[in-house]
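Take a look at the structure below.
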Amino acid sequence: MEIILVGHAHTAKAFKEAVEMIYGEVPNFHPIDFTPKEGLQSLTDKIVSAIEPGKTASTLIITDLFSGTPYNASAELVLKKKAADVVAGMCLPMLLEVAVNANNMSVSQLVSHLMKIKEEFSTSLSEKMTTNAKEDDF
């Protein structure tokens, strides 16, 4: 499975570097940064260039923000069948989950898995402490 990361400024490249720092090399992750000097068409062209011929059905695009330019460009490509799916809300825990599972699941299985566990990607110390205190009461 090929994973294309698309984000504002240099978030895509930074996220790939962070994943590699923790997980190891991820050659199937392809970061695309959307800079202030670019428009929708130039970003779309960069994404199309990153999709390997013959691998559209096994290409997942992950963007930083729902409804932002990276997401909109990616969604258009998915609707045109140039990629399998697009997921918004890129974060390090999500990308580590993708790195672990990308070679063991299809795109649709991985997307379904991510949607099931997405609430595990963030937490609050005070919430954890409250939950643990309630559990200790029993």
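Glycine residues also receive a Cβ, built from the backbone N, Cα and C atoms like all the rest.
The model shown is predicted, which means the values in this text are computed figures rather than measured ones.
The feature domain 'PTS EIIA type-4' is assigned by Swiss-Prot to 1-125, with sequence analysis given as support.
Cβ neighbours of HIS8 (phosphohistidine) (same chain, under 8 Å, six or more residues apart in sequence): ASP33, PHE34, ASP64, LEU65, GLY68, THR69, PRO70. For HIS8, the entry in Swiss-Prot reads phosphohistidine, with the evidence type a curator's inference.
The feature active site, tele-phosphohistidine intermediate is assigned by Swiss-Prot to HIS8.
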Per DSSP, what is the residue count of the domain 'PTS EIIA type-4' (1-125) in each of helix, strand and coil?
-> 63 helix, 22 strand, 40 coil
